[in-house]
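Taken from TrEMBL, the feature substrate binding site covers 7, 67. The annotation ATP binding site is assigned in TrEMBL to 7, 14, 74, 92, 93. The transmembrane segment annotation in TrEMBL covers 29-48, 54-73, 94-114. Taken from TrEMBL, the feature active site, proton acceptor covers 67. What TrEMBL records for 74 is divalent metal cation binding site.
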């Protein structure tokens, strides 16, 4: 049982190390975190309901998680193919497109929530 708890604790430690490293060393992740703070400020300003906060937190988590996945894919491509090639470029472009799609969706969710408050 103790070894299970130790392994679980180690997994959480590694995850938090990745979280803090990404925030400290990846500008794209920091930008997304900045947008998340702006969205949270809008939630406070417009007095979001509990349900609206739940939706906002979910889309924020989705965008930031996708940015971590994108950054991981970019680093893997750079490790496997240090020189620019078409396959690596396409893989990176697809990962970036995934972040863009999720970000646009999150923006639309935010605009719908705020629009409902204003109108």
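Note: Cβ is positioned from N, Cα and C throughout, glycine not excepted.
Structure with TrEMBL features highlighted.
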residue: 7; record: substrate binding site; DSSP (3 states): helix
residue: 14; record: ATP binding site; DSSP (3 states): helix
residue: 67; record: substrate binding site; DSSP (3 states): helix
residue: 74; record: ATP binding site; DSSP (3 states): helix
residue: 92; record: ATP binding site; DSSP (3 states): helix
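All chains included, 10 other C-beta atoms sit within 10 angstroms of the C-beta of residue 14 (ATP binding site). In this structure the alpha carbons, written CA, of residue 93 (ATP binding site) and residue 7 (substrate binding site) are 35 Å apart. For the transmembrane segment (29-48), the list of distant contacts is 22-23, 56, 60, 63-64, 67-68, 71, 103, 106, 110, 113-114, 117: same-chain residues at least six beyond its ends, Cβ to Cβ under 8 Å. Calculated from their C-alpha atoms, the gap between residue 14 (ATP binding site) and residue 7 (substrate binding site) amounts to 11 Å. Annotation for residue 74 (ATP binding site): same-chain Cβ neighbours under 8 Å, separated by at least 6 residues, are 92, 95.
The 10 Å shell around the Cβ of residue 93 (ATP binding site) contains 10 further Cβ atoms across the protein chains shown.
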